[in-house]
Amino acid sequence: MNKYIWLVRLWHSKEEPMFLRSVSSSFIFIHGVPRKLKTRTVFPTLCGTRRASFAAISVYISEDESFQEKRIDSVENRGIRPNHQTLKWLLEGCLKTNGSLDEGRKLHSQILKLGLDSNGCLSEKLFDFYLFKGDLYGAFKVFDEMPERTIFTWNKMIKELASRNLIGEVFGLFVRMVSENVTPNEGTFSGVLEACRGGSVAFDVVEQIHARILYQGLRDSTVVCNPLIDLYSRNGFVDLARRVFDGLRLKDHSSWVAMISGLSKNECEAEAIRLFCDMYVLGIMPTPYAFSSVLSACKKIESLEIGEQLHGLVLKLGFSSDTYVCNALVSLYFHLGNLISAEHIFSNMSQRDAVTYNTLINGLSQCGYGEKAMELFKRMHLDGLEPDSNTLASLVVACSADGTLFRGQQLHAYTTKLGFASNNKIEGALLNLYAKCADIETALDYFLETEVENVVLWNVMLVAYGLLDDLRNSFRIFRQMQIEEIVPNQYTYPSILKTCIRLGDLELGEQIHSQIIKTNFQLNAYVCSVLIDMYAKLGKLDTAWDILIRFAGKDVVSWTTMIAGYTQYNFDDKALTTFRQMLDRGIRSDEVGLTNAVSACAGLQALKEGQQIHAQACVSGFSSDLPFQNALVTLYSRCGKIEESYLAFEQTEAGDNIAWNALVSGFQQSGNNEEALRVFVRMNREGIDNNNFTFGSAVKAASETANMKQGKQVHAVITKTGYDSETEVCNALISMYAKCGSISDAEKQFLEVSTKNEVSWNAIINAYSKHGFGSEALDSFDQMIHSNVRPNHVTLVGVLSACSHIGLVDKGIAYFESMNSEYGLSPKPEHYVCVVDMLTRAGLLSRAKEFIQEMPIKPDALVWRTLLSACVVHKNMEIGEFAAHHLLELEPEDSATYVLLSNLYAVSKKWDARDLTRQKMKEKGVKKEPGQSWIEVKNSIHSFYVGDQNHPLADEIHEYFQDLTKRASEIGYVQDCFSLLNELQHEQKDPIIFIHSEKLAISFGLLSLPATVPINVMKNLRVCNDCHAWIKFVSKVSNREIIVRDAYRFHHFEGGACSCKDYW
C-alpha cells in the first residue's frame, strides 16, 4: 500500500519533476489503482489536469459504475482536452457499466467537437454503444458517417436490423455492402438468413442468397448452412434443405437437429427417424432438441413401437430428467393413447414447468379427456403456474373434441377477461370450436370480429366450410382472402384442395392449382403432396405423376401419395414400379408407401416381392401398424397362403373389421372359397359386425362353389342384419343364385331390389343369358333402357351372349353396331368374341373368319379359340387349321389349343394328323387339363374324373350309368362313338375309362338324391356333344330336372330338352 501513498504524495506536490509524471502513469498501467483510491474525493485531486494519467486511470475505474458520470463531467468542467484513447476508454466504460444513453451522447458530442469523428476506432465504439442501448437511429447515423467500415461493422448492423424484423432494410444494406465491394462472410449471411426466417420472403430471394453463399465458397460452413437448412424447412422446401445438409462435409449438432426437425415438420417423419438413427450410429450424441424432434416425428406417424425404443434410448443416455425431453415423451404417449406411460413420466419429473402442464393438458385435450384437462388446469394454478395462451388454446381444443360448446363459450369469456382475446392461437382455437360444433354463424361472426390479417383464421374458415362440404362458401372465403391481400401460407391451398377432393370437383381444383403456380407454392412439399393426392384420387394420374417428377424431389409423402393413387385405381403394376423408383432414388418409404406397395403385390399376386416388402417393414419398424397388417392379410390370403394369412391376421387388433374382410375377400379371390366361407361363419360366431364388403365377398364365395345351401345361409344372415335392402348386396345375391343354378331365385331377388342400378340389370341379363334364356335377357335389356338406366360394356356382353345362345344373328349384329352410335361405347375384345361366337354357332364360319380379319383391334386368343371350337363342332378343317395357326402363335404352350385341334382331326377322321398333334403335345410337355365334375349330396361334395373308379360306390354308379344309357338308347339316344372307337383301337383300353365325368356325377346324383330334388352338377370344361345329347335323354327317361354348369354357361335339362336349344 505504501507505494500507492508515495505516488499520491508526488502528485500533490507543487513541483513535480517531469520524469515523475511519466513514471506515475507507467506505474498505474503496471499496478492498477487500488480500490481505496477509487473514491469520489481522491479521483478529482489525483487526476488534476493531467490527461495522460486521467486516461490511464480510466482503464481501471471504468468498471465502477459510480464513476461514469463523474469522470465525464470532469472532462467537461476542468477543460481537459481528451485524446482519442481517453474517449475510447470512456466509451468502453459506458458499455461495461451500462451507462445511460445521455452519457454516450455527451461523449459523441465531445468526439464531434474535437474532430475525432473520422477516427475509425472511436466510430466503432460509438456504433457499438448505440447498438447496445437500442438506439437504431444513432447507430445508423454513426454507421453512415464512418470513414471505413469493417466486415464486422456491416454484420453487426445487419444482425440488428434482422433482430428487429426489418427485412427490407436488411436486404437493402446487404446489396449496398456488395456494391461497395465488401465481401460477405459467415456472419453476414447468418444475419441475412435470420431476417429471412423472421418474415415472409419470396423463394427466389432465398435462392439468390443461397447462390451467393455457394459463390463465396461457404457450402461447408455450418454457421451459414444450419440456418439455411432451417429456413428451407420452415417454408416447406425440405428437399432443398436436405440437399444443403447432405452437402456439408462436417456436420455439427445443430445441423442434425435442424434437418431432423425440418423433416418432422414437413410430414417426412419416417425420414426424420432414419436420420436420427444415422446420427446415433455415427457416434454423434443426440441433444434434447434432437430427441424432441424425433419424438415429434413418432407422434405424427403414430408409431408406438419406435417411440418406446426412443424412450429406452433416452433412459440409456441419461436424458430422463431433462424437462424438454420429458415433455416430448408425454406428448408422444398421449397422442398414441398411452395415458398410463404419459402420466407416469409426468409424475416422476423432478421439475415441471408451464410447458409440461401445457403438454399434458394438450395431450388430454387431443385424446378427448376434457374433464381431466380441466382438473390438471386447476392443479397448475395450485402449483403457482399461470396459464398462457397455449394452456387456454388447449382447453378450447378439448371443448372442440368433446363437442362441449357451452364450456367453450365459458373459456371464451375467461380468455377475454385475461386479455388473451386477440391471441392468434386462441382465436384459431375458438374459431375451430365454433366450426366443429357446426355453429357456423357464430364462427363467421367471430371471424369478422378478429384481426382478419391473420392467415391462420382464414385457413380455419376454409376448413370449417370444407367440413360442411360447402365448396361454394369455401371458395368465397378464398376469393375474399385475395381481395383482402392476405398472403396464403402452406396450409391455405391444401385446405380448399381437400374440399375439392371430397366433393370430386376437379375443375375448381385445377383453378386453385393455377393460383399455386402463380404464388410459387408448387415447390412446397405439403402443397405438392396434396396436389398429387387430388389429381390421383380424381383420376388424373398422369398429371399427378408429372407433378411428382417435376416438383416432389425426395419428399416421401408425395411419392407414397402417388403410389396410393395407383393402388386406388388398381394400377398395381404402376404402383409397384413407382415404389421401386422411389427406393432407387434413395427415398426410404414410410408406412403409407409400404402398405400400398403390399396392397399392389396382393392385386398382382406377387408373393415374393410382397414378402420382401414385409421384411423391409420389419426393419423400418412399421410392421406392427394396423393398416400394414391388414394389407399383409390381403396379400397372403389372395396368394393362397392360408397359414401365413392367419399368422398376419392374428397380429391385428382383435375385432378389426378390415382384417376380417381382408381375410374373407382374399381367400375368395384366390379361389379358396371354402376357407372364405369358414372365416365368414367364424365372424358371425364371434359377433364381428358384417358390412357390405363382407357380405359381397361371402356371397361371391358361395357363387364360385355353386353351393346353394351355404349361399342361402349367407342370405339369411344378410336378411337378419338388415342388409337385404342394400343394392350392392342384392346385386351379389342375384349373381349368386344364378351361378348356383337357380334362375328363379335370381329373378325373385332382382324383383326385390328397390333401387336398381346398372349392376342390378347387368346381373339379371347375364343370369338369363348364362342359363340359356336369351329372350328373357333381351326383354330385361329393353326394360333397362325404358327405366333410363344407361347400359355399359358389361350389359352389352350379356345382350350379345343372349343373341348368340338363341341364334339371333341379325339382331345381335344390330346390337353390336349400336354400341357406339346409340350408347357411346367402343367395343372391347369380349364383344368381338361374342359376335364371333354368334356367327359360328349359326354355322357362319366363313363370315366369322372375315369378321375377325376386319377387326380394328388385334384378335386375342379367345377370339381364335372360339372360331376353332366352332370348327370342331361343324367339322370345318380348313378354317379350323387357320384358327389354330394364329392361336398357337399367341399361346404356343396352351393345352386347350392342341386338344381342340386334335378333336378337329378326329371328327374329320384325320387320325394321323390327330396322332401327330398329340405327339407334339408330349414333346412340348403340354398336358391336357383333365375333365372334372362335382355334385353335392347330403352336405358332401363328390368329385368325379373321366372313367373314375375311385368312388366308394363306383360299381353301383357304373352299373346305374349303363342302365341309364340303355334306357336313353331305347328312346333315340345314339352315342357319338367314332372317336371312342379310334381310342379303343389305338390305345386298347377298357371303354369304361372314357366315360366322361359329368355322366358319372349325374348317375350318382340320380342314384342318391330324392326324386323331388334337381340334379346340380358343375364341370370345369365345356360339355361335349355326346354328353349333351346323353343328358337330354336321361332327363326324359328319369323325369328329373338336371342342371349342368360347365365352363361356358348353364344347361337346364328337362323333359328331353335343354335351355340352350342346342346352341352352346
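Cβ from N, Cα, C; glycine included.
Positions annotated as region 'Type E motif' by Swiss-Prot: 863-938. If you look up Swiss-Prot, you'll see 939-969 marked as region 'Type E(+) motif'. Positions annotated as region 'Type DYW motif' by Swiss-Prot: 970-1064. For 83-118, the entry in Swiss-Prot reads repeat 'PPR 1'. What Swiss-Prot records for 119-149 is repeat 'PPR 2'. The repeat 'PPR 7' annotation in Swiss-Prot covers 287-321. Feature annotation from Swiss-Prot assigns repeat 'PPR 8' to 322-352. What Swiss-Prot lists as repeat 'PPR 9' is 353-387. The repeat 'PPR 11' annotation in Swiss-Prot covers 423-453. Look at Swiss-Prot and you will find 489-523 tagged as repeat 'PPR 13'. Summarising the annotation, Swiss-Prot assigns repeat 'PPR 16' to 590-624. According to Swiss-Prot, the repeat 'PPR 18' annotation covers 656-690. The repeat 'PPR 20' annotation in Swiss-Prot covers 726-756. Annotation source Swiss-Prot lists repeat 'PPR 22' at 792-827. Positions annotated as repeat 'PPR 23' by Swiss-Prot: 828-858.
Across the repeat 'PPR 11' (423-453), the model assigns an average pLDDT of 66. In summary, the repeat 'PPR 16' (590-624) lies against the repeat 'PPR 7' (287-321): three or more C-beta pairs, each 6 or more positions apart in sequence, are under 8 Å. Sequence-distant contacts of the region 'Type E(+) motif' (939-969) (same chain, at least 6 residues past either end, Cβ-Cβ under 8 Å): 709, 930-933, 975, 992-1001, 1003-1004, 1006-1007, 1030, 1033-1034, 1036-1038. Note: the repeat 'PPR 7' (287-321) comprises 27 helix, 0 strand, 8 coil (DSSP; helix = H, G, I, strand = E, B). DSSP states for the region 'Type E motif' (863-938), grouped as helix (H, G, I), strand (E, B) and coil, give 53 helix, 6 strand, 17 coil. Long-range contacts of the repeat 'PPR 22' (792-827) within the same chain: residues 758, 761-762, 765-766, 768-770, 772-775, 777-778, 781, 784, 834-835, 837-839, 841-842, 844, 1049, 1060-1061, 1063-1064, each at least 6 residues beyond the stretch ends and with a Cβ under 8 Å from a Cβ of the stretch. Only residues 6 or more beyond the boundaries of the repeat 'PPR 20' (726-756), in the same chain, are considered here, and those with a CB under 8 A from a CB of the stretch are 692, 695-696, 699-700, 702-704, 706-708, 711, 714-715, 718, 763-764, 766-768, 770-771, 773, 787, 789, 1014, 1016, 1043, 1045, 1050, 1052. Residue counts of the repeat 'PPR 8' (322-352) by helix, strand and coil are 23 helix, 0 strand, 8 coil (DSSP-based). With DSSP states grouped into helix (H, G, I), strand (E, B) and coil, the repeat 'PPR 20' (726-756) comes out at 22 helix, 0 strand, 9 coil.
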